[in-house]
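Below you'll find the structure, written out as structure tokens, and then a few comments.
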Amino acid sequence: MKQKKNKRILVIHGPNLNLLGKRETSIYGRLNLENINKLMRKLAKELDAALTIVQSNHEGSIVDLIGNAPKKYDAILINPAAYTHTSVAIRDAIAAIRIPAIEVHLSNIYAREEFRHESLISAVAKGQICGFGIESYLLGLRACVSLLK
Ligand code: DQA
């Protein structure tokens, strides 16, 4: 019998998400990145997914991660953070690869300042989940796994 292969998902946290827990807590909450990663790893175990989690403050590094992802991963879960609203390079990197990317945000970007209302990423992402705090990541992870079924 063929053995079921775990789904491999690359999680990318964009700029300033390393500061979660201390940063604008009224918007992003008190959980830090480690807390979020721990909850994602727990869910990944239940869903039989293998996670690699990275955080980067650098646009070019994120572009490299996305471009190389198809060699090792089945899908990408990404919170592009501020690059959501500015990065044509990250958008083009996602458009260039053959594996799906799901975009997540802790806050509801459409309920915030106008410059956050546009996501350059959403048109090339499989879908976007925002506004649910940490739950956005967990829903995104579930969406990744069911996409890959
Ligand atoms: C964010 C929303 C972005 O507008 C912001 O620049 C972030 C975090 C979120 O998760 O809510 O850094 O992506």
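Each residue, glycine too, has its Cβ placed from N, Cα and C.
Annotation source TrEMBL lists active site, proton acceptor at Tyr28. Residues or ranges marked as active site, proton donor in TrEMBL: His105. Annotation source TrEMBL lists substrate binding site at Asn79, His85, Asp92, Leu106, Ser107, Arg116. The feature site 'Transition state stabilizer' is assigned by TrEMBL to Arg23.
In the vicinity of ligand 1, defined as a Cβ distance under 6 Å, the following of the recorded positions Arg23, Asp92, His105, Leu106 are placed: His105, Leu106. The recorded positions near His105 (active site, proton donor), taking a 10 angstroms Cα-Cα threshold over the set Arg23, Asn79, His85, Arg116, are Asn79. Taking the Cβ of Leu106 (substrate binding site) as reference, residues of its chain lying under 8 Å away and at least six apart in sequence are, in sequence order, Leu20, Ile27, Tyr28, Gly29, Asn79, Cys130, Phe132, Gly133, Ile134, Ser136, Tyr137. Of all the recorded positions given, namely Arg23, Arg116, the one with the smallest number of surrounding CB atoms inside 10 A is Arg23.
When the recorded positions His85, His105 are compared by the number of other C-beta atoms lying within 10 angstroms of their own C-beta, His85 comes out lowest. Across the fold, the C-alpha of Ser107 (substrate binding site) and the C-alpha of Arg23 (site 'Transition state stabilizer') stand 13 Å from each other.
Cβ crowding, taken as the number of other Cβ atoms within 10 Å, peaks at Asn79 among the binding-site residues Asn79, Asp92. Distance noted between the C-alpha atoms of Arg23 (site 'Transition state stabilizer') and Asp92 (substrate binding site) is 29 Å. Of all the Cβ atoms in the protein chains shown, 17 others lie within 10 Å of the Cβ of Ser107 (substrate binding site). Within 10 Å of the C-beta of the residue listed as 'active site, proton acceptor' there are 20 other C-beta atoms, taking all protein chains into account. Secondary structure at His85 (substrate binding site), taken from DSSP and collapsed to helix, strand or coil, is helix.
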